[in-house]
Every structure is written in C-alpha cells, then in structure tokens.
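Database features (TrEMBL):
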{"type": "COMPBIAS", "residues": "B:212-224", "note": "compositional bias 'Gly residues'"}
{"type": "REGION", "residues": "B:210-246", "note": "region 'Disordered'"}
{"type": "TRANSMEM", "residues": "B:7-30", "note": "transmembrane segment"}
{"type": "TRANSMEM", "residues": "B:59-79", "note": "transmembrane segment"}
{"type": "TRANSMEM", "residues": "B:91-109", "note": "transmembrane segment"}
{"type": "TRANSMEM", "residues": "B:115-133", "note": "transmembrane segment"}
{"type": "TRANSMEM", "residues": "B:138-157", "note": "transmembrane segment"}
{"type": "TRANSMEM", "residues": "B:180-199", "note": "transmembrane segment"}
Amino acid sequence: MKLEVVSRSGRSIATLDVNPDSTVAELKKKFHGLKKTYYPARQRFALPVKAGETRGQVLSDDSKRLSDYGLAEGGKLEFKDLGPQIGYSTVFFWEYFGPLVVYPLFFFLPQYLYPHIKAPAGGTQHALVQKLACAYWCFHYAKRIVETFTVHKFGHATMPIFNLFKNCGYYWGYAAYVSYFVNHPLYTAPNQTVSVACLAAAVLAQLGNFWSHLILAGLRKPGEKEYRIPKGGLFNYVSCANYTFEIWGWLLYSVAVQSIPAYLFAATGAAQMTQWAIAKHNRLRKLFDGKDGRPKYPRRWIIFPPFL
Amino acid sequence: MKPSTAYLALYNAAQACGWAAILVVLVIGVTQRETPEQLYDRAAPLTKLVQGAAILDTLHAAVGLVPSSPAMTLMFWVGRGNALFAITEPIAALHASWWAVLMLGAWAAAEVIRYPWYAAITLGACPGWLTWLRYTMFIPLFPLGTLAEMALMWTALPELQSRRLYSLGLPNPYNWAFDYHRFIQIVLLLYPLLWWQLYSSLLRARAKKLGGSKGGSSKGGSGEGSRPPAADILRQETRSKLLKTQ
C-alpha cells in the first residue's frame, strides 16, 4: 500500500510503498533508506488527528504491524524528527562516571582544588566521616554504572542528545558542589558516632535500592512490552520503592556529613523523583482499573511513606 | 458563585487596589517634584505588603486554583522579592535613586492592569480592551522594570561586598559558604536570559490571545455591540480551565 508522509506543517515529505503487514520498525528502515539523515531512532510517526483528539496517535510500538494501527492504502503519516539521539546506557554511563571521578578529586588533591587555602604542615588530615563519605559516594556511583550495564532494562532505546549535556551538567555540577564543601580544609566534622551510623544505614538503603532494581528488571520477560504491577519487597506498599530507598540514602548521607549542599542535592533529587513517581503511579492506576478482566491496582504509597 | 471564585475575585481586586494606590502615590509625587527618596518612602511600605502577599499567586497555582505555572510565578516572585527586600531595602543610597522609583512605577503600572484582568476573567466578565491592555502594556513595562532591577543590583554590588550581606563564611556547622555578592554577579549575567524566557512566552501568549480570528479583534472591537472574538475565546478557555480544576 502507498502511504504519504507529511511534516507537522502539512508539507509532503515522501511517499512510501509498504506491505500492510510490515511492522513499524520496517517502515522506519524504509524511510531511513529514502532520507539518510533520519536513522530509525530519530523517527517518530503519528496518525492524523481524529475527531475528539488533541494529538494524533503515535506509532510507538516498533513491533506492531501497520495494519494494527488502522493504516490502509492512501493513508497519511505525520513525521517528526526527534533530533540526534543517544543511547540510554551511554548517557547513564557518562552522567555517573563524572561524579565517580569529580568527587574524589577534592578529597585527594586539596592542594590544587583549594589553592587559596594554605596546606597545613604534613598534608591535609581528613576526619573519619570525610573518608567514609567519599567511599560511600564512590560506591554509590560505581553501583549505578554496574546496574546500567547488568540490571536495568530500558523501555526506550534512545533519548535526545541534548539530555546528555543537561544530565551531565546536573550530576557533575552537584558532585563538585557537594564535594567542595564536604572535603574542604575548614570542614567541621559532626558527631562521629551519629555520622558512622547514618552512613551504615545509607548502605542498607542502597541495598534496598539494588533489590528494588532487580525486582523491576524481572517484571517483564524478554520481548514483553506491557506494563506490570510491581510486586515484592517494598513494592507491595510503595509504587516507586526504588526511589524511596534512593531518597533515604541521600538523606542519611546528608545527615552524616552535615553539609547544606548535600541536603540541596538530596532535595533536588527527591523533587525530580517525586514528579516521576506521581506520573508512574497515576499511569499504573489508570491502566489497572479493574475493568475488562484487568487487575485493580492496589492502594499504595506513591514514593515516600508516610508523606506521599 | 463558588467560594473559590469569590475568593479569587476578592484577592485579585485587593491586589489591584494596592497597586493602584502605589501608582497614584508615585504619579502625584512626581508631579509635585518630590525627590526619589521621598517617593520611595511613600510608596515602598505598601509595595512591600502587596508584593510580599503576591506569594499567594504561587500558592493558587500550586493547588490548581488558577492555570498558571507554579514554577514561573515563584521565579517571578523571588526575582521581585530579591530586588525589593534584599537589595533596595537595606541599602540607603538606593532609596535616593531614580532606578528605585522607576522599578516601583513599572511594577505598579503593569500590575494595575494585570490584577483587574485576572479578577475580570475569574468573574467571566472581561472586556476586550482590558485583555488588549494586559497583553500589550507588558511590552514596554516589563523591560523597563527588569532594567531598573538590574541597575539597582549593579549599583548595590560594592556595598554588598563591603558589608558581606547575607553571606556565610567557613568554618561553620552547616559546612557551607555563600557569597551573596558573587551570587548577584551571576544573577546579573543570567537575568537577560531569564527575562527573555518570560518575555517571549508572553509574546507567544499575546499572538494566541489577540491574534484570534483574522481581522476580528484588531478592528476596534465592539461594532455590533458584541464582544471581540478573541476575548470570547479567552473567556471560554479560562472558564473551562477553572471548571476542570474543581
């Protein structure tokens, strides 16, 4: 069948001759053959807007057939260029690699990173909490990199390349901001017993977070695309249990080091995760409404009992 | 009338009255050739009150009472609050500056249009000319106000540094240092970008609201006694948004 591809302003871009039973992925490959710049990951196709819709339905499932979307001879497709794309794992690696390297710089090279502070005779002495905090921070980001390549299963393969710079700016920037003050020569160490206890609890929170990631990765069998109700561990009580543990980890880290930038970092992360958690929770509740044989999504906390 | 509608109408009307009083005080003072210091002394107390109370705009947005973005309204409130409370108030020399008068005047002139427009929209009775004013007068007033704020921050820098206002040095139990003087230098660099973000979104909103149907609203409006189409669309949109948030 012949399909007409138009831009979002209505201008005709190309005409594609495809088999109605071919998949969206095959359509994208064909389009890439015509327009070399737009590799498949950059392509987004949508059906024309129907009555009652504000936007046309997106051909989001690469494995679905064109006929499943109701496309027939003479059908129109709206094309959007998503811009240069980059793999999720690539972005995750670089955004986590930065903090892994940047934070210890202030710990190990104070003579270069605090040049305005005279180095004390015999070199800088660090308090126990500063040493443990550095170890915890590095452990956390090393864990994240390992998870990226061994545990996480990504729903989308790519994201816009601009996100690489945005995310790295956030992670690397905050790493420097927190590390500068926690490893400062004029750092005031808080009560050591409290700090060590908090960091120990933070490690437990990280284990909880890792466990949650394992549960999430095991929700779908390879090739499955549907959403599932998360079960097991803290997920029985909280929709986004992985975020719960993550927030606890950073909260405990902040209490351990007693530094405002650490609290700011924890708060910023918590705010972003809360946004995501609310969206995910609502998506799951809408999907699992208990009708037509679908299970009903159980009553759960969203992200951080007893508050939300 | 719903209680929330009555509350919003009252709030916006109160803000409108406050800003109108400020504008009147400034205009009368200028015509009587008062010095900037006298003008500031007259207008500042009420300005601090209404501008401080304007945090409610953010609260209303956060609970969904109005369709505005809480983040945008908060950014706006913090920017103005910084210029008025943190920069101008504590530095006596700035009270005697025409920049301070310009800032208060530009703010008042803009708000004396914006708040009545909000009140009218809330009550579902907004005349086309008010919509036109709301989406047009910002064009000169917003840059003027921003310019005045930047000029005041620039002038304040030496005193911020010498008095180390709002600054924290190490060592301290919060393990944090903050240099407000350096912070304002960075803010001054970012101000044009932040201003442009807000300004361009207002220009886009203007194109949408006043553009309306071709040749409709721009022809001087109420020929047959019916309201210009743009204001109607606007009222309908806002009404349905308010209804949706209930």
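Residue 1 is the first one shown; counting continues down the chain.
Placed from the backbone N, Cα and C atoms, the Cβ positions cover glycine too.
TrEMBL: automatically predicted annotations, no manual curation.
The shown structure was predicted, so the numbers you read here are calculated from the model rather than taken from an experiment.
Against the transmembrane segment (B:91-109), the recorded stretches B:7-30, B:138-157, B:180-199 differ in Cβ pairs under 8 Å, and the greatest number is found for B:138-157. Ranked by the number of CB pairs under 8 Å to the transmembrane segment (B:7-30), the listed stretches B:59-79, B:115-133, B:138-157, B:180-199 are led by B:115-133. Between the transmembrane segment (B:180-199) and the transmembrane segment (B:115-133), the number of CB pairs under 8 angstroms, six or more residues apart, is fewer than three, so the stretches are not in contact.
With a threshold of 8 Å between CB atoms, the same-chain residues lying at least 6 positions outside the transmembrane segment (B:138-157) that come near it are 79-80, 83, 87-88, 91, 93-94, 97, 99-100, 102-103, 106-107, 109-110, 181, 184-185, 187-188, 191, 195, 198-199, 202-203.
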